[in-house]
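*Asks:* If you scroll down you'll find the structure; I have some questions about it.
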Amino acid sequence: MLSFVDTRILLLLAVTSYLATSQHLFQASAGRKGPRGDKGPQGERGPPGPPGRDGEDGPPGPPGPPGPPGLGGNFAAQYDPSKAADFGPGPMGLMGPRGPPGASGPPGPPGFQGVPGEPGEPGQTGPQGPRGPPGPPGKAGEDGHPGKPGRPGERGVAGPQGARGFPGTPGLPGFKGIRGHNGLDGQKGQPGTPGTKGEPGAPGENGTPGQPGARGLPGERGRIGAPGPAGARGSDGSAGPTGPAGPIGAAGPPGFPGAPGAKGEIGPAGNVGPTGPAGPRGEIGLPGSSGPVGPPGNPGANGLPGAKGAAGLPGVAGAPGLPGPRGIPGPPGPAGPSGARGLVGEPGPAGAKGESGNKGEPGAAGPPGPPGPSGEEGKRGSNGEPGSAGPPGPAGLRGVPGSRGLPGADGRAGVMGPAGNRGASGPVGAKGPNGDAGRPGEPGLMGPRGLPGQPGSPGPAGKEGPVGFPGADGRVGPIGPAGNRGEPGNIGFPGPKGPTGEPGKPGEKGNVGLAGPRGAPGPEGNNGAQGPPGVTGNQGAKGETGPAGPPGFQGLPGPSGPAGEAGKPGERGLHGEFGVPGPAGPRGERGLPGESGAVGPAGPIGSRGPSGPPGPDGNKGEPGNVGPAGAPGPAGPGGIPGERGVAGVPGGKGEKGAPGLRGDTGATGRDGARGLPGAIGAPGPAGGAGDRGEGGPAGPAGPAGARGIPGERGEPGPVGPSGFAGPPGAAGQPGAKGERGPKGPKGETGPTGAIGPIGASGPPGPVGAAGPAGPRGDAGPPGMTGFPGAAGRVGPPGPAGITGPPGPPGPAGKDGPRGLRGDVGPVGRTGEQGIAGPPGFAGEKGPSGEAGAAGPPGTPGPQGILGAPGILGLPGSRGERGLPGIAGATGEPGPLGVSGPPGARGPSGPVGSPGPNGAPGEAGRDGNPGNDGPPGRDGAPGFKGERGAPGNPGPSGALGAPGPHGQVGPSGKPGNRGDPGPVGPVGPAGAFGPRGLAGPQGPRGEKGEPGDKGHRGLPGLKGHNGLQGLPGLAGQHGDQGPPGNNGPAGPRGPPGPSGPPGKDGRNGLPGPIGPAGVRGSHGSQGPAGPPGPPGPPGPPGPNGGGYEVGFDAEYYRADQPSLRPKDYEVDATLKTLNNQIETLLTPEGSKKNPARTCRDLRLSHPEWSSGFYWIDPNQGCTADAIRAYCDFATGETCIHASLEDIPTKTWYVSKNPKDKKHIWFGETINGGTQFEYNGEGVTTKDMATQLAFMRLLANHASQNITYHCKNSIAYMDEETGNLKKAVILQGSNDVELRAEGNSRFTFSVLVDGCSKKNNKWGKTIIEYRTNKPSRLPILDIAPLDIGGADQEFGLHIGPVCFK
């Protein structure tokens, strides 16, 4: 975006090229400025007078009000010389004394845009012709070579003390680079994701001007800004009465600036003094060589005030006065007419790459949010180090206007450059919005006069730059030699109301002058009170010029005005001094290309950084080559206009702002001081809540909105009073002589006059007839830069330029610091259940867990079934010895008896210790999304992202709140001498002022005829961007974000309930040998042995006697036949018990010896294969054992439904097929019969008991249901993509299992062949897996999409498997 000074440069260049075709200067001597006269009545239009001689220079007139907005860009495109009006020069009127400034004229209509002309060959300098009327703007020619520096002029006498001037504008900018061709505007990009605000980058190049925004409400009155570019000349207003001239005080040394006084009221008009006779005007001679500088003459006594002359050149700026207090805001000014659309400029070169920030971890990008309301203005970044100049790049395309940057830091004042060439008057620019008030700056040194710059092509109007720091007051320079009478300057804007000064001493009453003829309508006055918008009236006819009043106080230098109407040719005069270059002659044939200008030093191309805030212009530098194309910056919102501040020294270039949105049209306000800022607009309505997406990194601020639409035009306010003049400053040193510029291409030879001898300068004669225009001569010496006039009123926005293609992207900045962690996003939708994987291998048995804490005692269960007989008890204590029985004969062993009946159930054993923890069950389905958590803490700042594409324009934002009043800055340095302003209308005669010092006697001129009404002014430059628009409406909800990552594992759950008692263990190893048993009874007597050998004959025995035969026969088993059956019975009982124990430990899965679950069978017989086996989950009697399928691969126990297949047919016809609802198959369609499981000889109650035990013994269950369909949706409807027609399943504990909702109660689908109605059979396999076995088996199903005559379905109930 162009800064204010850029705009001035462009305007000066444009005016230079324009003035080259019509320029006529008048000689004037600086007289004392008289007070401003009152507004006189409108005179009738008088006849043209005879040509008069040039009068002496009058004092500079005060700045006039702003003219209409001028055109920016190249002007010759629509200029057809054949259609131009015949601007013949009129006869020159008598030079009257200087008149008081006229009132402001209304803004002229916008002119047309011209096409660029080719540069002509430079010709010899022809005689200076009369100034022609303003032509349409021509296209900027190629830059000419700098002219040779002129000789220093004679030093003039010190002028009287001038009035205190308004703050001066910044000095001329340095040489402007050659302007590239305008490119087309690029298409506006989509809004990028907002990044966090990066660190301030190095100042970037000035951006191209943004599209004008609509006029916003008036902001708070800003500081006094630098005067804006001159507006086009308005229609002459009626002349006001002339006030009396105050007495001239002796010029004192410049004092310190006093406190600002209040602005005084307009003094009464002084009487018109007598007009001196005009001598005949001689023909314009060839320029004579400049004479030596004479010593300043003593001031003569004050002469009687002369009649009011036409407005003279702007006087040398007086010492800047102290800034007055901030005036109250005036009503809004009317909107100016729209300017023609400017040619698209090329983008500027890319700015230097900003310093990279610390690299952070990149955050995940969030979806682009809706444009947010404009954020508060960021802190001002520090100025970056200036980069060295880059090599010339190709011309860039014009970028989208950037938003206004922050004011840059103040630079130090440069030394005064040598005098530059007088630039051509540029077209009147539109009044830009006031820039932000700058901070007061350090006083800068007065720089030397700069070298003459080459005229650049007029660029598009830029936004007014931020106000720089006011410089210290410079010393007043010596009064220069009187120049030729210049064209009247444009009437400048009314400055803000200054502080009220002390009333001046009343002047002596002068004689009443003759009433002049009726003057032309005066320009618009200052703002009056706000009236209702009236209908624009027709412009009044221009009145006759009244007699001139006495000179008024010195006013601000007016901005360079457009060329005035041509005067009538005068007779040939004496040879004058070397004149300024004459107007351009008729277009010659295309000349040879001139030598190239000096190329600036090539610097390394810096990486592109973010644009810095626009700084004020620096001194004019040498023209550089066209830089590389910059990327179009997004348009930013215009800032709230501040008071016009004093021009500051250049700051660093600010960042380019994001594009603003176009605001609604506001009512046009009246011109005047800035109003108070409007309140910040209400935020836009909130959008509906979207599904919470995963938290992304913090987005950057959204693009700012555009300025609001201008309001209706108010009526002009009354003219404000003029301030008193301040004391003059000390004389400044003359500038150094400029270097000789390169010679321009040779023009066609014009008619050359004979060179006369260098004589004393005679009085100028009247203007001679215009000779044929000579070709363009060498550039004359530059004139002093005049104060720029105040900025013109803001015109309505011109049409948007064609969007240029985006420039090359700058290099990405370094990553910024990592952003803070965003809020946790909502849980994503649970994915569909995958198909069951192959069964895993059985895990090894884990170590036993520690015993859990004992649970509270449960309620007593129902009486259990009689238990199996207990193990044989220990032997009882030994009975007393019975009587010996009679020995029977030994019988044969009897056969083994049948097993006795089972013994009575023994008492329940103690509760076994808890078994080992079972294997972990399969993971449950994802839970439903939890409630939104509290927002996380702010994350660390994210890395600075690359510049996003420009966002779409959002709706207009509401006008921001007005900023506080800025402090008035100190007065600025005096500006260089401005171009001569246009001649103001002659006011009525004022009262005679006190006698002025005697001036040199001028030749008496003849009375001139009033000039014709001026032509329309040039169109204004394109306006600046409007204020930020209201926040846009909330965007549509974004798509649901992707599911979040799995969360961290939850805390360890509490210990589960004690598991069921484990299975009986296998047989243990044999125990140790027990202690010796009780000694057994004696065994029975064995059979008699064989006879022994005969013994020797014994001795003769004594007398024989008897012996006792009895012994302990009861101690020996089986010797006594009566005891043997008892032994066999014991043996059989032992064997039976052993078998029973063995069957308990290793069940066979038969009906007589069922296992508790299939898992027990697999553990007991790992070598067995899967198949159907009998199980008895509730143990006890085997009569209620059930047949189940054992899958030894997975350890699952699967129980089949009694009726597995339900035939396919039309089960249900609805009376109202459109009224769809879920219909339970078992409960409603099938007569209340739910699905049953395993009916082989087991009652429903027994089966329910077995299933209950089975659920207790398992920690995981699963079941599949196959839904056969024809024209019936089972799960997803392919037409709508949703699950609203899915079936519902009823679990065992009356829980309803659905296709969507809480993830714990949702089933999944392995195959979905029932998603469309195509008159074909399909099937959908539904699977439900859970670690809550109490929910299975499935007892019923409720389809929704049934009831039509063509809708059929059937079912296959898969087995329920527990594990």
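Placed from the backbone N, Cα and C atoms, the Cβ positions cover glycine too.
Annotated region 'Disordered' per Swiss-Prot: 28-1110, in sequence order. Sequence annotations record features per position, and here Swiss-Prot assigns compositional bias 'Pro residues' to 59-69, 322-335 (among others). Residues or ranges marked as compositional bias 'Low complexity' in Swiss-Prot: 112-128, 299-320, 674-683, 721-736, 842-875, 898-931, 986-995, 1036-1049 (among others). What Swiss-Prot records for K176 is O-linked glycosylation site. Here Swiss-Prot flags 684-699 as compositional bias 'Gly residues'. Residues or ranges marked as compositional bias 'Basic and acidic residues' in Swiss-Prot: 1004-1015 (among others). What Swiss-Prot records for C1158-C1190, C1198-C1361, C1269-C1314 is disulfide bond. Residues or ranges marked as Ca(2+) binding site by Swiss-Prot on the basis of similarity to another entry: D1176, N1178, Q1179, C1181, D1184. What Swiss-Prot records for N1264 is N-linked glycosylation site, and it gives sequence analysis as the kind of evidence.
Tell me about the surroundings of these features in the structure.
*Replies:* When secondary structure is read from DSSP and collapsed to three states, C1190 (disulfide bond) falls in the strand class.
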*Asks:* At a 10 Å cut-off from the C-beta of C1198 (disulfide bond), count the other C-beta atoms across all protein chains.
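*Replies:* I count 20 other Cβ atoms within 10 Å of it.
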*Asks:* Using a Cβ-Cβ cut-off under 8 angstroms and a sequence gap of six or more, which residues of the chain neighbour C1190 (disulfide bond)?
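*Replies:* In sequence order, the residues whose Cβ lies under 8 Å from that of C1190 (disulfide bond) (at least 6 apart) are G1149, C1158, L1161, R1162, S1170, G1171, F1172, Y1173, I1175, E1196, T1197, C1198.
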*Asks:* Measuring Cα to Cα, how far is Q1179 (Ca(2+) binding site) from C1314 (disulfide bond) in Å?
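*Replies:* Checking the Cα atoms of Q1179 (Ca(2+) binding site) and C1314 (disulfide bond) gives a distance of 43 Å.
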*Asks:* Which of these recorded positions is closest to C1361 (disulfide bond) if you go by CA atoms: N1178, C1181, C1269?
*Replies:* N1178
*Asks:* Whole-number answer please: how many Å between the C-alpha atoms of D1184 (Ca(2+) binding site) and C1314 (disulfide bond)?
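*Replies:* Cα-Cα, rounded: 40 Å.
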*Asks:* Sort out for me which one of C1158, C1314, C1361 has the most neighbouring CB atoms within 10 A, since those are the disulfide-bonded residues we care about.
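*Replies:* Its Cβ has the most other Cβ atoms within 10 Å: C1314.
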*Asks:* In whole Å, note down how far the CA of C1269 (disulfide bond) lies from the CA of N1178 (Ca(2+) binding site).
*Replies:* 39
*Asks:* Out of D1176, C1181, C1314, the recorded positions in the record, which is closest to N1264 (N-linked glycosylation site) when you go by Cα distance?
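*Replies:* Ranked by Cα distance from N1264 (N-linked glycosylation site), first place goes to C1314.
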*Asks:* If I take the alpha carbons of C1181 (Ca(2+) binding site) and C1269 (disulfide bond), what is the distance between them in whole Å?
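*Replies:* Rounded to a whole number, the Cα-Cα distance is 44 Å.
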*Asks:* Could you state the whole-number distance in Å separating the C-alpha atoms of C1269 (disulfide bond) and D1176 (Ca(2+) binding site)?
*Replies:* 37
*Asks:* Using a 10 Å cut-off on Cβ-Cβ distances across all protein chains shown, tell me which of the binding-site residues (N1178, Q1179) has the largest neighbour count.
*Replies:* N1178
*Asks:* Quick one: among the recorded positions C1181, C1269, which has the most Cβ atoms sitting within 10 Å of its own Cβ?
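*Replies:* Neighbour-count leader: C1269.
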*Asks:* Round to the nearest Å and give the CA-to-CA distance linking D1176 (Ca(2+) binding site) with C1314 (disulfide bond).
*Replies:* 39
*Asks:* When DSSP states are folded down to helix, strand and coil, where does C1158 (disulfide bond) land?
*Replies:* helix
